[in-house]
Every structure is written in C-alpha cells, then in structure tokens.
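So the structure is just underneath, and the comments pick up after that.
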There are 2 protein chains.
Amino acid sequence: MLPPLFAWIRGYNRADLSADLLAAVIVTIMLIPQSLAYAMLAGLPPETGLYASIVPLLAYACFGSSRVLAIGPVAIVSLMTASAVAPVVEAGLADAPAAALTLAALSGAALIIMGLLRLGFLANFLSRPVISGFITASGLLIAAGQLRHLLGVGGGGDTLPEILASLCARASEIHALTLVMSLAVLGFLWLSRSRLRAWLLCAGLSPALAAACARAAPVLAILGTILAARLLGPGAQGLALTGAIPPGLPVPGLPPFAPALVLALAPAACLISLVGFVESVSVASTLAAKHQQRIEPDQELMGLGAANIAAAFTSGFPVTGGFARSVVNADAGARTQAAGVFAACGLTLATLFLTPLLADLPRATLAATILIAVLSLVDLPALRRVWRYSRGDFAAMLTTILVTLGYGVEPGITTGVALSLFLHLWQTTRPHSAVVGQVPGTEHYRNIERHQVSTCPGVLSLRVDESLWFANARFLEDRVAALTAGRPGLRHVVLMCPAVNRIDSSALASLEEINRRLRAASIRFHLSEVKGPVMDRLKRTAFVDQLSGEVFLSHHEAICQLCPPSLAADQPRLTEGAA
Amino acid sequence: MLPPLFAWIRGYNRADLSADLLAAVIVTIMLIPQSLAYAMLAGLPPETGLYASIVPLLAYACFGSSRVLAIGPVAIVSLMTASAVAPVVEAGLADAPAAALTLAALSGAALIIMGLLRLGFLANFLSRPVISGFITASGLLIAAGQLRHLLGVGGGGDTLPEILASLCARASEIHALTLVMSLAVLGFLWLSRSRLRAWLLCAGLSPALAAACARAAPVLAILGTILAARLLGPGAQGLALTGAIPPGLPVPGLPPFAPALVLALAPAACLISLVGFVESVSVASTLAAKHQQRIEPDQELMGLGAANIAAAFTSGFPVTGGFARSVVNADAGARTQAAGVFAACGLTLATLFLTPLLADLPRATLAATILIAVLSLVDLPALRRVWRYSRGDFAAMLTTILVTLGYGVEPGITTGVALSLFLHLWQTTRPHSAVVGQVPGTEHYRNIERHQVSTCPGVLSLRVDESLWFANARFLEDRVAALTAGRPGLRHVVLMCPAVNRIDSSALASLEEINRRLRAASIRFHLSEVKGPVMDRLKRTAFVDQLSGEVFLSHHEAICQLCPPSLAADQPRLTEGAA
C-alpha cells in the first residue's frame with residue numbers, strides 16, 4: 001500500500017487551481033471561529049484549535065484518499081478529548097494541552113496500526129443505531145456544556161446530571177450582559193443559517209455571493225462581538241473574554257510520553273480513533289459517491305493517522321474529517337487536496353496576524369457558535385424510526401443515548417457496542433429452520449407452516465437457513481430431537497442446507513451427534529444441497545463416512561429416492577401439510 | 001417451570017428398586033476414593049469431598065431433569081475451585097474451606113439465576129474447540145500438580161511453568177519410598193483399567209462380576225496402601241498420609257458472605273457455573289439420548305444450582321455432574337434418581353464409619369487415582385483433527401490450551417471464549433455473495449464463477465447468502481460499488497435474497513445508500529426472493545417506496561421482466577459466463 005503522496009498533483013491545471021483557491025478562501029473564513037470554538041470545547045487554549053487545523057490538513061493531503069475531506073477539530077472528538085484529558089489533569093499526570101498532545105499521538109498511532117493491519121473493518125462493529133445514538137447524545141451533552149458560557153456562570157460537569165445540577169446551583173449568578181449578548185448572537189446565527197441566504201437572494205445578490213455571505217455570518221458575529229467588547233472598555237463589564245493568544249506559529253515539539261500518562265490515555269485514544277474514523281469515512285464516502293470517486297478505508301486510516309501525529313507534534317489535539325467543513329469545501333468547488341493546502345496557508349496567515357484581535361472575543365460568542373453547530377447533530381426522531389423497524393436496534397440506541405448522557409462518552413459508546421454485539425449474538429443462537437414439503441407438481445420445497453405442500457410420512461425434511469456455528473449448533477440438535485421424538489414411522493431425516501455457508505467444528509460435532517442419535521433410533525440421516533466449499537471441507541473429516549445416509553445434490557433428488565412413487569401403491573405417499 | 005420434585009417416584013416399582021440399589025452400591029464404592037482425591041485437588045480437607053457427595057446428590061434428585069446423572073466433585077471444577085480459592089486465602093479474606101463454601105453458594109446462585117432467566121443458551125458460547133482445549137489443558141495441569149505428591153516433595157504453583165519450576169527446584173528432595181509406592185499404585189491402577197477385566201473374564205468370572213471388580217480396583221489400592229502404611233509403623237517412614245478425619249456428618253451452617261469475599265469470588269463462580277453446566281449437560285444429554293430420554297437445559301440449571309447451594313450449606317465445595325460416575329451409574333443399571341439417593345446413603349455410612357480407617361491413607365495413592373483419571377481427559381490428537389478442519393477453530397483451541405497452561409484456568413477459558421467470538425464475528429464481517437446467471441434452459445440461477453450460466457448485459461444479479469447486519473452491511477455497499485463501477489451499459493441491479501433472514505437498521509441504511517447511489521448513476525435497484533418476515537418488516541419503512549426498482553417474488557420473474565426475450569432481437573441477450 002503506497003501512500004498516495006500528493007497523487008492529485010499529476011495533471012493539476014489552471015482550472016483546478018482557481019477552483020481550489022476559491023474553496024480555500026471560503027473554508028478558511030469558516031474554520032477560524034470553528035477552530036477556536038472546538039478548542040474551547042476540548043478544554044484547551046483557543047490557539048490550539050488553529051494549530052490543529054494547519055499541519056494536520058497538510059499531512060492528510062499527503063496520505064489520505066479523499067479529495068475533498070477537510071481535516072481538523074470536530075465537535076464530538078473535541079468532547080471526547082475533554083472527557084479523556086480531565087481525569088489525567090486531575091490526577092496531576094500532565095496539564096491539559098500536554099495530555100491532548102499525547103492523546104493525539106496515541107490516536108494517530110492507533111489509526112496507523114489499524115491501517116497497516118487492515119483492521120478498518122473494526123469500525124463496522126459500531127452499528128448505525130449506536131453511532132446515531134452516540135452522536136445525538138454527544139450533541140446534547142455539548143449543548144448543555146455551553147449553557148454556562150452563554151449564561152456567564154461558572155461550574156462544569158461531564159455528564160448531563162452533573163452539568164444541570166451545577167447550572168441549577170449557580171442560577172443566581174447569571175450575568176445579564178452575557179445572557180443578552182448570547183441571545184443576540186444565537187438569534188443572528190440562527191437567522192443567518194435558516195433565512196439569510198433567501199433574503200440576500202431576494203435583495204438581488206447572485207446565488208454564489210448570497211451563499212458566501214450566509215456562511216460568513218459566524219465571522220460577522222465574531223467581529224461584531226469583539227467590537228462590542230472593546231466598546232465596553234477594559235474589563236468589558238464582566239463579560240468573559242478569550243484573553244491574550246500567543247502570537248506566531250506553533251513550535252514543533254515532542255508530546256510527553258510518560259508511561260503512566262500513556263496508559264491512562266490509551267483506551268480513550270482507541271475509542272477516539274474508531275469514532276473519528278467512522279465519522280470521517282462516512283463523510284468521505286458520501287462525498288466521494290456524489291462525485292463518482294471512491295475512497296479506500298485502509299488508506300483513510302493512514303491519512304487520519306498521519307494527521308493526528310502531525311497534530312501531536314505541532315501543539316494541536318485529536319482531529320478527524322469534519323462533516324460541515326468537508327461539505328462546504330466540496331460545495332465551494334474544491335477539486336483536489338490542494339484546496340486543503342491553501343486553507344492551511346490561510347489559517348497560517350490568520351494565526352500570524354489575527355490573534356491580537358481575538359483577545360477581546362467574548363467566550364459567549366464561541367459557545368453560541370458551538371450550540372448552533374451541534375444542535376444539527378441531535379436527531380431524536382431517529383429513535384421513533386428505529387423503534388418501528390427493530391426493537392433490538394432501538395434498545396441499543398436508547399441505551400447508548402442514556403449511558404452517554406448519564407455516564408459520559410466512553411461508557412456510552414462501549415456499552416452501546418457491547419449491547420449491540422450481545423443482541424446480535426443472542427439472535428443468532430437459534431438458527432432459522434423450517435420443516436419443508438413439496439409444492440405439488442413442482443421441484444420446489446417450502447415451509448409446511450406457510451405453504452400448501454405435500455410430505456412423505458417416512459421422511460422428515462428440515463431446511464436450515466443459516467450457517468452453523470458453535471452458538472447455534474446445540475439448538476439444531478434440540479430441534480432434530482424434538483421433531484423426531486414420538487414419530488415411530490420415521491425412517492429418514494434430510495437436512496437441507498442451501499443457506500449454510502460455514503459449518504464450524506462445534507457444529508460438525510453436533511451433526512455427528514445427531515447422526516449417532518438417529519442411527520440409534522434406526523433413522524438414517526441425509527444431507528441435501530450442501531454448498532461446494534462446505535462439502536469440500538466436510539470431505540476432509542470422518543463425518544461423511546460415518547453418515548448413516550447420503551449427501552444429495554438437490555433436495556428433490558433426495559425425496560425421489562427416499563420416497564419413490566412406487567411406494568405410493570403401498571401407502572399414501574403424500575399427505576397434505578398445513579396451509 | 002415447576003421443579004420435577006422426585007418426579008421419578010410415580011410408577012416406581014420393585015424392579016426399579018433392585019436396579020437402583022445395585023447401581024448405588026457400585027457408585028458408592030467408586031465415589032469414596034474419588035471424593036477424597038478431588039477434595040485434595042481442590043486444596044481442601046479430604047472429608048469435604050465426602051460431604052460434597054451426599055446432600056448435593058439429594059438436592060439434584062429433587063430438581064434435576066436427568067435420571068442417571070451423578071452429582072459430586074469433579075476434576076476440572078475442583079481445579080477451578082483451587083485456583084479461585086488460593087488468592088482469597090492469600091489475601092486473608094477467609095480460610096480455604098470457608099471460601100469454598102462461599103464459592104459453592106455463589107455458583108449455585110448463578111446457576112439458579114441463569115435457570116430462572118432461561119440463560120442456558122449462554123453455555124453455547126463455549127465452543128467445542130474451546131471446551132476441548134480447556135479440558136485437555138486442565139487435565140495436564142492437574143496431572144502436573146499431582147507429581148509433587150507422587151514424588152513426595154513439597155512445592156506448588158498454579159500454572160505449568162510454576163509447577164515445573166517448583167518441581168525442578170526440589171528434585172533433590174524426592175522421597176524414595178513415596179516414589180516406589182506411587183509407581184506401584186500407578187501400575188496397578190493402569191493395569192486394572194486396561195487389562196484386569198479381560199483377565200478376570202479369562203479366569204472364568206461372569207462379565208458383571210469382572211466389571212465390578214475392575215471398578216473396585218481403586219478401593220483395593222486404597223486398602224492395600226493403608227495396610228502398607230500401618231505396617232510401616234507410626235510416622236510411616238516419612239510417607240505423607242491423609243491424617244485424622246473428623247468423624248461424623250457435616251454440621252449444616254451458613255457459608256460466610258463478607259462483601260469483599262463475595263466480590264473476589266464472583267467472577268470465578270460465574271465461570272465455574274458455566275463450565276460445570278456445560279460438562280454436566282453434555283454428559284446428561286449423551287446418556288439421555290442413549291436411553292431415549294430428554295433433558296431440559298433450563299431445568300438442569302435449577303438442579304445443579306440446588307446441588308451447589310446444598311454443598312454450600314453442608315461443608316462441601318462446588319459440584320457438578322461428573323462424567324465417569326454418571327457413566328458408571330448408567331452402566332450399572334440405574335433407572336431413576338433413587339440410585340443417587342441410595343448412593344448418598346452409602347456415602348453417609350462411609351462418612352460415619354470408615355473415616356478412622358482413612359487417616360493412614362497415603363496421599364500418593366490419591367494422587368495416583370487423580371493422575372489416572374485425568375489423563376483420559378487429555379486429547380492432544382484433537383488438535384490435529386481440528387487443524388485439518390478449520391484453522392480458526394484450531395487457533396481458538398491452541399490459544400485456550402496455551403493460556404490455560406501458562407496463565408491458569410480463568411484466563412484460559414475467558415481468552416478462548418473471547419477469541420472464538422472474535423473470530424466468528426470477523427468471519428461474518430464479509431457477507432457471502434455471488435454474481436449469478438441463469439443455468440440455460442432452467443429457472444435456476446447459479447454463481448457465474450462456478451457454473452456455466454448465461455447473463456444479461458444490462459442486468460447485474462447479485463445473490464447474498466447471509467443475513468445482513470451492521471458488521472457486514474458496509475461490505476455489501478462496497479461490493480455493489482465495485483461491481484457497478486465501469487459498466488456504462490448497466491441498467492438494473494437485482495439483489496437476490498433467498499438466504500437473508502434478517503436486515504437490521506444498519507443494513508437497511510446501507511440498502512438505502514446503495515439505492516441512492518445507483519439512482520444517481522441511473523441504475524435501478526431491485527430485490528428478489530425476499531423472505532416473508534423480512535418483507536413484512538421492510539414494508540414498515542420508507543425504503544420500499546424510495547426503491548428505484550421493484551421487489552420480485554422469484555428471481556426468474558425479475559430476469560423475465562428486466563431482460564425480456566424481445567430484447568434478444570436487438571442485442572445478444574445472453575452471454576456465456578465463465579465456466
């Protein structure tokens with residue numbers, strides 16, 4: 001697997017350049033407030049958000065496979081970072097920015113190892129109900145966590161009960177000016193998100209200009225509130241401000257690797273890698289499909305891993321492919337990863353020249369930006385849709401939401417994954433099977449409980465509809481025992497295996513046991529419609545030799561031989577099955 | 001679920017009585033040395049082995065469903081008891097007999113809870129390779145652990161490396177008289193097991209008497225070595241003896257339930273319950289099948305749970321249904337659980353009157369009894385059989401053996417279960433699927449890579465051979481994307497679902513995504529041969545309405561409609577697939 005190092009450079013032309021440059025300008029404007037806001041969400045100094053959006057973008061451009069994915073801090077990974085870093089800081093192992101660097105390095109290493117070992121399939125074990133429940137719950141947690149900034153009170157908390165209790169306890173401390181400014185910014189952002197574009201179009205602006213202005217709204221909110229804070233004078237009447245941001249670019253440096261720190265952060269790093277990977281891949285494949293491109297999941301792991309390593313060495317924190325920024329990038333016409341490189345340049349300029357301006361930025365403005373962004377993640381109606389379709393999936397989703405809200409992000413996602421796996425395994429412990437009979441006049445055999453079919457009294461035909469493995473093998477033994485008990489006239493049992501793709505050692509032992517027991521009761525045991533690869537494997541064992549009956553290619557062949565029409569003279573060959 | 005309290009009493013007659021009495025005598029004779037030996041193996045005073053064989057037998061007779069299962073201490077559960085109790089004793093939480101009582105109570109409670117919640121299916125997750133590897137490794141561990149008794153040296157250890165290292169360190173302390181006696185007993189037991197019966201038959205004894213004598217051999221060894229020890233005089237020349245056994249019956253009493261003790265023993269209790277249940281159920285169902293009876297797994301849980309609770313209250317330790325004793329019981333002609341009740345009476349008499357005799361029993365004799373019994377559990381050739389059949393099962397089995405030998409019984413079985421589940425899940429992440437074509441002249445559709453079939457150029461028929469769920473859904477998306485890429489003439493994709501028993505929410509989302517992507521490429525997406533229950537569920541969603549194509553009852557119907565013979569005039573309708 002060669003890294004697609006700047007694969008997009010080949011054939012790069014003037015048209016690509018101008019498209020990418022335009023997209024980069026739009027993305028840069030959007031990323032400045034977002035980067036600051038997500039750094040605050042992760043509990044880190046605001047400049048780390050800008051740093052995390054520069055070099056990781058370049059690293060992904062070298063190793064990633066998507067052409068339009070925009071890498072940087074995203075809401076859920078920032079929340080997970082905050083929740084992973086907090087206990088480490090509390091235990092005195094490191095300060096928050098240092099712990100975030102180690103976390104990014106570990107997460108990058110986990111992604112690269114998964115990529116090298118082609119373990120991308122592990123992400124498949126995060127089922128959609130679990131992911132969707134986790135995203136909804138994280139959105140609610142993030143929104144609740146921003147309330148204190150919007151109200152100008154202190155407090156904290158990692159879970160919904162903690163956050164709400166902390167807010168209630170400080171309800172008397174609400175800072176009126178902060179609240180007024182928060183409501184103004186929230187109203188402005190909400191209107192610009194839902195209405196501004198239509199108004200500007202009505203006002204006669206070109207669609208492209210209208211869209212660009214609507215997207216620039218957060219920047220306007222930032223500029224407006226900075227201006228307001230400056231007008232309020234030094235101290236800004238108690239408004240919480242971002243404070244001085246060190247000017248200049250991040251100094252590259254090694255993240256701390258104390259063993260205790262690494263051990264404490266490793267589980268969270270693995271979860272962050274998985275969640276970040278799933279989020280990034282689903283964004284990337286949606287966008288790729290729209291543009292008739294394809295992405296390579298294992299290559300994506302390498303790209304994301306490189307981006308996180310880059311973040312770890314340049315004072316950032318864990319990053320991944322973001323939905324909003326990637327969509328904006330694609331919509332703005334980005335054609336290659338050059339757009340990402342240009343956006344990185346834009347953010348570098350911002351870091352160099354705009355930071356003095358940002359010292360007076362009210363924190364409430366950033367909180368409002370986050371709140372508006374994450375509320376679009378909350379999808380509670382999905383609960384009702386999933387409930388209607390599958391009770392098991394609903395249980396997994398609801399559990400993920402409740403545990404995430406009540407106990408935090410890590411217990412939430414691990415409980416969700418464990419529960420969905422358990423439910424799946426539990427459902428597979430009973431193999432689907434059906435007693436079948438012949439549809440009269442055809443060679444088709446169908447479930448006697450659902451179709452009008454004929455059966456032969458001396459022959460029991462049992463169709464198995466799943467691969468046989470250790471968890472469902474014993475149920476097959478029981479099923480055969482129950483079906484053959486109390487049928488003295490029974491001479492043959494035929495197991496029809498059209499849907500059996502695998503028979504593992506445990507299931508083979510069960511088949512041997514069934515064969516032994518039926519033989520003791522003078523009943524012959526046959527198989528029919530065994531798939532080629534399964535038969536090849538069975539032939540390597542003693543089972544086929546010990547089998548009291550035969551293996552038939554088609555079930556009809558089995559019935560013709562075991563219940564020949566000649567018998568029809570002696571006994572009523574075919575009896576009608578249930579309708 | 002009503003307990004089958006002495007269900008066997010109804011219709012009990014004289015013939016049953018004499019058969020059961022005879023079986024009880026034979027089993028009692030066999031159980032005396034076995035009970036003492038397994039108590040020693042569990043690291044407990046020898047009398048606890050006798051106690052554990054009395055009341056638990058009665059409790060099982062009340063609640064269990066097997067008529068011939070004999071309950072009591074067994075080798076593997078005794079080993080697991082020793083390994084669970086040792087750390088608790090070391091931590092000073094309780095002495096060994098008290099901890100064993102708590103362990104039995106917890107294990108009984110776990111079994112009863114599993115029975116009430118009908119969780120017997122959990123035992124299915126112990127696959128046969130894991131169980132078989134675990135039994136082999138436990139047999140080796142037990143055998144190695146007996147060597148120090150056979151050599152008359154001290155030492156200990158819970159894992160094979162520890163045991164061997166401890167033996168090597170004490171090689172100079174080997175007690176010659178103990179070694180001689182050990183070899184004599186081993187030789188005698190081995191001969192009586194393999195040859196004695198044949199010799200007695202040659203000597204003119206009746207087959208029943210010959211078998212009974214052969215089975216009484218361990219009792220002869222015990223009597224012989226007690227005599228030898230007495231002849232050696234007080235101190236028995238340094239031979240390690242069993243020592244004084246308190247006479248009389250166990251005094252019923254509550255096991256200790258200190259929270260720290262319960263917490264420390266709970267995980268081991270759960271594992272012991274599961275392993276004991278699997279061992280017991282497999283013995284019981286083998287014997288039941290032989291006598292055309294059936295056992296109820298959930299009822300078995302209640303019976304075993306009651307037996308363990310009984311053991312906890314009468315100075316015993318964890319028990320389960322033993323293979324050897326149950327087979328002997330069945331062979332000796334036991335017809336009902338009355339045989340168990342009579343054997344309990346026999347053991348009570350032994351406990352009352354034979355214990356003074358047993359004080360002079362050399363420990364080496366018990367060790368030899370254990371060694372001969374457990375070596376029959378070791379089945380290393382199974383490794384080769386499993387290797388030939390399935391590499392994955394082999395990996396699970398070998399890992400279970402190595403981890404059990406190297407790290408002990410609990411890590412061994414948990415690693416085995418986790419690995420076998422992981423391997424199973426990993427295999428199911430790629431759904432079996434095949435592009436199919438029409439077998440000329442029939443309505444059958446087969447894999448184009450395995451059969452000579454014809455296909456229609458504008459139609460892609462993909463058969464899925466497994467239920468679709470979250471771990472394999474994304475692979476289906478990828479498969480369709482790969483198959484449709486670069487086929488500009490493609491107009492229809494038909495997903496043939498004859499083996500799809502379930503489509504979970506994640507897989508439904510994947511199908512929606514496939515539909516969306518194909519629609520964007522102007523390809524219609526159809527389904528065929530969807531099973532009734534799956535279709536019922538799909539109809540509750542928006543998917544069927546959004547589907548760009550149709551749902552066909554049979555795949556042939558789909559092909560007839562999408563690739564009608566009339567098209568054959570304009571284009572070569574059927575192309576030959578690969579052979």
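The backbone N, Cα and C atoms fix where each Cβ goes, glycine too.
TrEMBL does not curate its annotations; it predicts them automatically.
Summarising model confidence by region, the domain 'STAS' (A:449-562) averages a pLDDT of 89. Sequence annotations record features per position, and here TrEMBL assigns domain 'STAS' to A:449-562.
For the transmembrane segment (A:21-42), the residues of the chain that approach it from at least six positions outside its boundaries are 48-50, 52-53, 70, 72-75, 78-79, 81-82, 85, 100, 142, 145-146, 149, 212, 215-216, 218-219, 221-222, 242, 317, 324-325, 328-329, 332-334, 339-343, 345-347, 350, 354, 358, 361, 363, 365-367, 369-370, 373, judged by C-beta separation under 8 angstroms. Sequence annotations record features per position, and here TrEMBL assigns transmembrane segment to A:21-42 (among others).
Residues or ranges marked as transmembrane segment by TrEMBL: A:48-63 (among others).
Feature annotation from TrEMBL assigns transmembrane segment to A:68-86 (among others).
Taken from TrEMBL, the feature transmembrane segment applies to A:98-117 (among others).
Long-range contacts of the transmembrane segment (A:129-147) within the same chain, counting only residues at least 6 positions beyond its ends with a Cβ under 8 Å from a Cβ of the stretch, are 41, 75-76, 79, 157, 159-160, 163-164, 167, 275, 278, 367-368, 370-371, 374-380, 382-383, 386, 393-394, 396-402, 404-405, 409, 412-413, 416-417, 420. Under the heading transmembrane segment, TrEMBL lists A:129-147 (among others).
Taken from TrEMBL, the feature transmembrane segment covers A:174-191 (among others). Here the transmembrane segment (A:174-191) has Cβ contacts under 8 Å with residues 149-153, 217-218, 220-221, 224-225, 228, 237-240, 362, 364-365, 367-369, 371-372 of the same chain, all six or more residues outside its ends.
The annotation transmembrane segment is assigned in TrEMBL to A:257-278 (among others). If you look at the transmembrane segment (A:257-278), the same-chain residues 6 or more away from its ends with a CB under 8 A from one of its CBs are 74, 76-77, 80-81, 83-84, 87-88, 91, 93-94, 99, 102-103, 105-107, 109-111, 114, 120, 122-123, 126, 131, 134, 300-301, 304, 308, 318-321, 409-410, 413-414.
With a threshold of 8 Å between CB atoms, the same-chain residues lying at least 6 positions outside the transmembrane segment (A:338-358) that come near it are 8, 12, 16-17, 19-21, 23-25, 27-28, 31-32, 35-36, 46-47, 50-51, 53-55, 57-58, 60-61, 68, 70-71, 222, 226, 242, 245-249, 329, 332. Among the features that TrEMBL reports, transmembrane segment is placed at A:338-358 (among others).
Per TrEMBL, the feature transmembrane segment maps to A:364-383 (among others).
According to TrEMBL, the transmembrane segment annotation covers A:395-426 (among others).
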What DSSP reports for the domain 'STAS' (A:449-562) is 50 helix, 22 strand, 42 coil
